[in-house]
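Enquirer: This is the structure, below, for whatever I ask next.
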Amino acid sequence: MKTLNRRDFPGAQYPERIIQFGEGNFLRAFVDWQIDLLNEHTDLNSGVVVVRPIETSFPPSLSTQDGLYTTIIRGLNEKGEAVSDARLIRSVNREISVYSEYDEFLKLAHNPEMRFVFSNTTEAGISYHAGDKFDDAPAVSYPAKLTRLLFERFSHFNGALDKGWIIIPCELIDYNGDALRELVLRYAQEWALPEAFIQWLDQANSFCSTLVDRIVTGYPRDEVAKLEEELGYHDGFLDTAEHFYLFVIQGPKSLATELRLDKYPLNVLIVDDIKPYKERKVAILNGAHTALVPVAFQAGLDTVGEAMNDAEICAFVEKAIYEEIIPVLDLPRDELESFASAVTGRFRNPYIKHQLLSIALNGMTKFRTRILPQLLAGQKANGTLPARLTFALAALIAFYRGERNGETYPVQDDAHWLERYQQLWSQHRDRVIGTQELVAIVLAEKDHWEQDLTQVPGLVEQVANDLDAILEKGMREAVRPLC
């Protein structure tokens, strides 16, 4: 069986206009996949040079396959049908290592056609590293490497204002573009680079903050033989991902034209502020996960897919989203409903086995950041507690007993909560405290909740009633009236 290469698999090759820091699965099934579609359907005509930003020889370089690899996108489409779509990606030209090919790395700045910089160097990548120097070949941190590359471009083109870059980080931190820009400016000042360079950074370059959303499941280890048989070639860089994707970029409106988004519709939004989109994702996608997990798991289910195929649990989650979360969010209702519909479709994806216990990690913090704001906003707006979000809190407290149908399961959270719950549930079993007292102790933890939740009218009583119902009847019976 042949391995992918451009001689045996000839096709389009595009001029290099994009630098990408990061060779991982996510960017290859997200950014490079989108660039490939735009290259095929528009005159974007842009090839990617992947820069491996860390010193590692594993996985091997994409250049061993001349930059070619296959994405397999699978999940439920807009009609709810299971689809699997294989695509040979031709947008990547080559990969270079910043450690073993430093001169080649700097030469990227000399190419007048270069226009975009994408990156995903993990959440820790956009950070300051104290020892980084201008003459390091290379510096350790990604922002320092980028500063050096930008200075190379500034010098080579004598500060020409039409030679700046559009820099689009995809790292999962808030306002990643702003954070990256601040670090680049910090290195420029620390290295005493000329004032003209600092002005050029601001005038000629755009640092765009982003929100990225796609579950990328990566190399399909267990299915490789079968998939390669179907494809008819060997591909060491096979990459799998879900059908859904969303790319929100906070940047100049002209970006839509530059990326040719006006000529081919991708799920990419160019916006003035990513904040409402971030809030939407946290409240609907992450919030639904967090409400679902303790309810579904204690109802005897193990994966998100099983939960969504269970009529009652699915109804509980959908009613929580549409009746309790969406009404208190600050974006047009139709936009929120269309996003919510995509979310529930993603939860049903038959190709992804998402274990409830793995999502349960750090459940107390997740409840505070993802559900509590909507619970409190609903109470404030209507004068009554949202029934399902309140029930989810009771289910969460019950979850920390660590026992289902007589069998124990691992609960992962910080030591404070694990010890606290062990003590509280032990006292409850010994009848030292009642359910209402247990709930009041949990809700009074100001250090965690950032407020005293026992002061929210009716919350302790409602959570205690729900918790008693769960303990007496079991989760199935207790949740039924809310389905």
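Every residue, even glycine, has its Cβ placed from backbone N, Cα and C.
Under the heading NAD(+) binding site, Swiss-Prot lists Ile18, Ile19, Gln20, Phe21, Gly22, Glu23, Gly24, Asn25, Phe26, Leu27, Arg28, Ala29, citing similarity to another entry as support.
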Enquirer: Which residues of the same chain, at least 6 positions away in sequence, have a Cβ lying under 8 Å from the Cβ of Gln20 (NAD(+) binding site)?
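Expert: Same-chain residues close to Gln20 (NAD(+) binding site) (Cβ under 8 Å, separated by 6 or more) are Leu27, Val31, Asp32, Val48, Val49, Val50, Val51, Val92, Val117, Phe118, Ser119.
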Enquirer: Any same-chain residues 6+ apart from Ile18 (NAD(+) binding site) with CB under 8 Å of its CB? Would you list them in sequence order, or say none?
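Expert: Looking at Cβ-Cβ distances below 8 Å from Ile18 (NAD(+) binding site), excluding near sequence neighbours, one finds Ile35, Ser46, Gly47, Val48, Val49, Met114, Arg115, Phe116, Val117, Phe118.
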Enquirer: When the number of other CB atoms within 10 A of each residue's CB is tallied over all shown chains, which of the binding-site residues Gly22, Gly24 has the maximum?
Expert: Gly22
Enquirer: At 10 angstroms around each C-beta, which of the binding-site residues Phe26, Arg28 has the fewest other C-beta atoms nearby?
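Expert: Phe26, out of the binding-site residues Phe26, Arg28, has the fewest neighbouring Cβ atoms within 10 Å.
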Enquirer: Is Gly22 (NAD(+) binding site) helix, strand or coil when read with DSSP?
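Expert: Going by the DSSP assignment, Gly22 (NAD(+) binding site) belongs to neither helix nor strand, so it counts as coil.
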